[in-house]
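The structure appears right after this line, and notes come after that.
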Amino acid sequence: MKALEWMGDSLKILDQTRLPVEIKYRMAATYEEVAEAIEKMEVRGAPAIGAAAAYGYALGAIGYSGELADLPAHMEKVQHRLAETRPTAVNLFWALRRMEDRLRDQHEAKELAEIRQALVAEAENIAEDDRRVNRLIGEHGNAIVTAEANILTHCNAGALATVEYGTALGVIRAAQQAGKKVHVYAGETRPFLQGARLTALELMNDHIPVTLIADNMAGFLMQQGNIDLVIVGADRIAANGDTANKIGTYSLAVLAHAHGIPFYVAAPTSTIDLKVPSGQDIPIEERNPKELREVFGVQVAPPEVPVYNPAFDVTPAKLITGIITEKGIVTSPYSVNLLKMMVRS
């Protein structure tokens, strides 16, 4: 299963809200359809959102039929619509900046077709970069996995969250491919159940041993000595190493620290936002209260009960053992070492 696939004039998006019960695709032929798919979390995961937005931007040019001189104004509207879909995942903005830069490079183009072709090519480059980067993350991350390891992960940072292979699950895949004996504990990840619906499905399809647990069981597992390592993905990493990831990640980091268990973040350098000094400056998306009051359309709480539903939390850098990127593994002091790595790259 691929999270997304370019079909030449449309973007084929796997509707992840239907998994694992049903495999259904959306054929997005306009940038608005791509934006809706991102907002509804049909496509999710920071790298996949970035790639989808890039293709959506290209579709904005493909669907434009006005004068060439008016294209920049139209594309600004396209950029704004895509940028407002998910405020926390920085890969979205990174990909859109690349697309805007490519559009500016076409200022001497005489035909719309030439510009459209260039934008599609850049979106394809972004997707291909993600495939390559995730493999490298897996290779570097394999070094932290022992010959036998029980690994806890949260949410879904696998192939379904990226163009291919995954970040946190990419490390696990690389370890298995290296002949290591890994067993994964996947937290269900309330309220959207990405761990239960997506991570468990991915790992079972790859024949990687996995046990599903409720989110509130993690501490007990650690206390029993059943967890050797925690690996999670990221939606935005601040300059000081503070990391925004799916809600519940911070709790796992605190528990891992209390039990002396290494806690790693796996993410591409495109997820690192040096413009954001610390986690306090990362915008946190809040989602629809219905996601807590209902489970798959079934009411599980009083319909009028007030709900607080942040999609992400921030794990302080002091709780993170290392950040696994395509350039290598970065450790503390993150404010120094992240900058060094980004300058080198």
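Each residue, glycine too, has its Cβ placed from N, Cα and C.
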Swiss-Prot annotation, substrate site containing Arg44, Gly45, Ala46, Gln194, Asn245, Lys246 - matching residue among Arg86, Arg97, Arg287, Arg293: Arg86
Set of same-chain residues at least 6 away whose C-beta sits under 8 angstroms from Lys246 (substrate binding site): His154, Cys155, Thr189, Gln194, Val232, Gly233, Asp235, Ala311, Phe312, Asp313
Maximal Cα-Cα distance (Å) across residues annotated as binding substrate, namely Arg44, Gly45, Ala46, Arg86, Gln194, Asn245, Lys246: 17
Conformational class of Asp235 (active site, proton donor) under the three-state DSSP mapping: coil
Sorted by sequence, non-Arg44, Gly45, Ala46, Arg86, Gln194, Asn245, Lys246 residues with Cβ within 8 Å of centre, substrate: Ile49, Ala89, Cys155, Asn156, Ala157, Ala161, Gly233, Asp235, Ala311, Phe312
Ala46 (substrate binding site) - helix vs strand vs coil (DSSP): helix
